[in-house]
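Participant: Dumping the structure here so I can ask a few things about it.
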Amino acid sequence: MDGPTALRLTRRTASGDPYRASYAQHLVTVAVATWLMVGLFVDGWAHNNLDTSLESFFTPWHALFYSGFTACAGWLAWLVWRGLRQGRPGVAAVPQGYGLAVVGTALFAVGGAGDMTWHLVFGVERDIDALFSPTHLLLFAGIALIVASPFRDAWSTPDAGAPGLRAFLPALASITLVVSLVGFFFMYWSPYTTWAPTRDIAAYVAGAPADYQESLRYYLVTDGVAAALTATVLFVGPLLLVLRRWRPPAGTATVLVTVPALLSSALEGFARPLLVVAALVAGLVVDVLVRRLRPAPERRAAVRVVALLAPMALTAAWFAALAVQAGVWYPPEIWAGTIVWSGLAGLGLALLVLPTPPPGQVPGTAVAGTAPERTAAAAPAPAPRAATEPTSALDS
């Protein structure tokens with residue numbers, strides 16, 4: 001029996017049913033996780049906007065960040081203590097979906113102690129160096145495991161289908177915080193922090209020595225394209241994950257793209273507010289696509305259409321907002337090609353997440369010659385469509 005399977009079975013057999021956090025407890029988890037994430041982005045804002053001579057480990061923004069972690073660790077400890085009080089021994093005292101949060105808490109503690117030591121010995125990292133610091137990457141891994149807990153619990157729950165917004169809120173908030181976290185650590189390729197496509201940058205290139213102009217132009221084009229493709233992966237990847245498991249409520253795509261855009265824009269002091277509006281508009285467009293096309297595992301063609309069009313809408317809205325607010329110097333073949341590349345990248349993700357099954361294999365079953373993983377409860381079948389619901393070519 002493998003480790004994860006043994007863990008699931010132990011949690012179930014300890015008291016006859018799995019230990020799950022309640023809806024209200026998931027909301028508390030989201031609240032303390034948001035506290036932690038706000039602290040992280042405030043710290044990022046301080047590094048980007050304040051006098052670097054004031055930087056040290058002991059700062060108000062570090063206090064906000066680490067107090068958020070303390071709140072998360074304390075809340076997780078209370079959930080485990082509650083499980084122990086119910087007579088659940090060992091790992092059975094950890095709620096479903098929260099096991100990796102315990103690991104994340106340990107990683108964060110090690111990373112935090114290491115970060116303080118690193119700062120005292122080597123000084124405070126500057127600019128992009130901070131995003132590659134080994135101790136900071138330990139903090140990243142720990143935060144990701146902590147804030148993803150409500151989403152992991154929802155994923156492990158037998159009930160699938162089409163949850164309402166209220167029921168889906170903890171899972172949606174959880175995965176949105178994870179996307180925001182990854183966006184933070186890739187801020188150097190964020191469409192909400194780069195000026196590469198704008199005319200102000202073009203003027204800077206024109207004023208550079210002739211020998212450097214072509215190199216600068218090449219860098220600025222690739223930087224903008226990388227930002228668009230990074231946003232595609234950050235948005236479409238989690239969206240496809242959600243669509244593989246649920247028929248999400250209206251507003252899911254809007255939240256999933258707008259909140260990370262808002263937080264990323266905060267790192268630059270909201271210097272370009274229209275970019276957040278563009279993300280909001282793109283999210284609404286994708287929500288309409290999801291509602292009309294009804295993508296689901298049994299409707300792979302619909303999933304692929306959404307994966308193709310969603311990032312194209314996001315990238316097109318981004319270029320439109322930049323054009324209005326600052327002007328875009330990219331020639332048509334660059335900005336139009338970037339939009340197309342975004343769509344192709346999203347389509348590629350869809351082909352990986354929901355590939356066409358091999359001949360003779362029923363979608364969702366194990367590959368011949370392999371044993372399916374034992375779980376405490378069988379995975380639910382996709383919710384059936386109503387008999388009156390029309391079919392289309394997108395059902396394939």
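In case you wondered, yes, glycine gets a Cβ from its N, Cα and C as well.
I grabbed these lines from TrEMBL:
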{"type": "TRANSMEM", "residues": "21-41", "note": "transmembrane segment"}
{"type": "TRANSMEM", "residues": "61-81", "note": "transmembrane segment"}
{"type": "TRANSMEM", "residues": "93-114", "note": "transmembrane segment"}
{"type": "TRANSMEM", "residues": "134-155", "note": "transmembrane segment"}
{"type": "TRANSMEM", "residues": "167-189", "note": "transmembrane segment"}
{"type": "TRANSMEM", "residues": "224-243", "note": "transmembrane segment"}
{"type": "TRANSMEM", "residues": "250-267", "note": "transmembrane segment"}
{"type": "TRANSMEM", "residues": "273-290", "note": "transmembrane segment"}
{"type": "TRANSMEM", "residues": "302-328", "note": "transmembrane segment"}
{"type": "TRANSMEM", "residues": "334-354", "note": "transmembrane segment"}
{"type": "REGION", "residues": "362-396", "note": "region 'Disordered'"}
{"type": "COMPBIAS", "residues": "370-396", "note": "compositional bias 'Low complexity'"}
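Buried or exposed, and what's around them? Tell me for each listed feature.
Facilitator: Proximity of distant same-chain residues to the transmembrane segment (21-41), defined by a Cβ-Cβ separation under 8 Å and at least 6 residues beyond the stretch ends, is recorded for 61, 64-69, 71-72, 75, 79, 95-98, 143, 146-147, 149-150, 153, 167, 169-170, 173-174, 177, 180-181, 184, 263, 266-267.
Cβ atoms under 8 Å from those of the transmembrane segment (167-189) belong to residues 23, 26-27, 29-30, 33-34, 37, 40-41, 44, 128, 131, 137, 140, 143-144, 147-151, 153-155, 223, 226-227, 230, 234-235, 238, 241-242, 246, 248-249, 252, 255-256, 259-260, 263-264, 267 of the same chain, restricted to positions at least 6 beyond its ends.
Sequence-remote contacts of a segment are chain residues at least 6 beyond its ends whose Cβ falls under 8 Å from one of its Cβ atoms, and for the transmembrane segment (224-243) they are 175, 178-179, 182-183, 186, 189-191, 194, 196-197, 252-253, 256-257, 260, 286, 290, 295-296, 303, 306-307, 310-311, 314-315, 318, 330, 334, 338-339, 341-342, 345-346, 349-350, 353-354.
Long-range contacts of the transmembrane segment (273-290) within the same chain, counting only residues at least 6 positions beyond its ends with a Cβ under 8 Å from a Cβ of the stretch, are 191-192, 239, 243, 248, 250-258, 261-262, 265, 305-306, 309-310, 313-314, 316-318, 320-322, 324-325.
Within its own chain, the transmembrane segment (302-328) has Cβ neighbours under 8 Å at 191, 195, 197-200, 228, 231-232, 235-236, 239-240, 243, 253, 257, 272, 274-275, 277-279, 281-282, 285-286, 289-290, 293-296, 335, 338-340, 342-347, 349-351, 353-354, 394-395, counting only residues six or more beyond its boundaries.
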Participant: In terms of Cβ proximity under 8 Å, which residues at least six beyond the ends of the transmembrane segment (334-354) contact it?
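Facilitator: Cβ under 8 Å, 6 or more out: 197, 221, 224-225, 228-229, 231-233, 236-237, 240-241, 244, 297, 300, 303-304, 306-312, 314-316, 319, 328.
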Participant: Residue list, the transmembrane segment (93-114) vs rest of chain: Cβ under 8 Å, 6 or more residues beyond ends.
Facilitator: 7, 11, 18-21, 25, 66, 69, 72-73, 76, 79-84, 86, 134-139, 141-146, 148-157
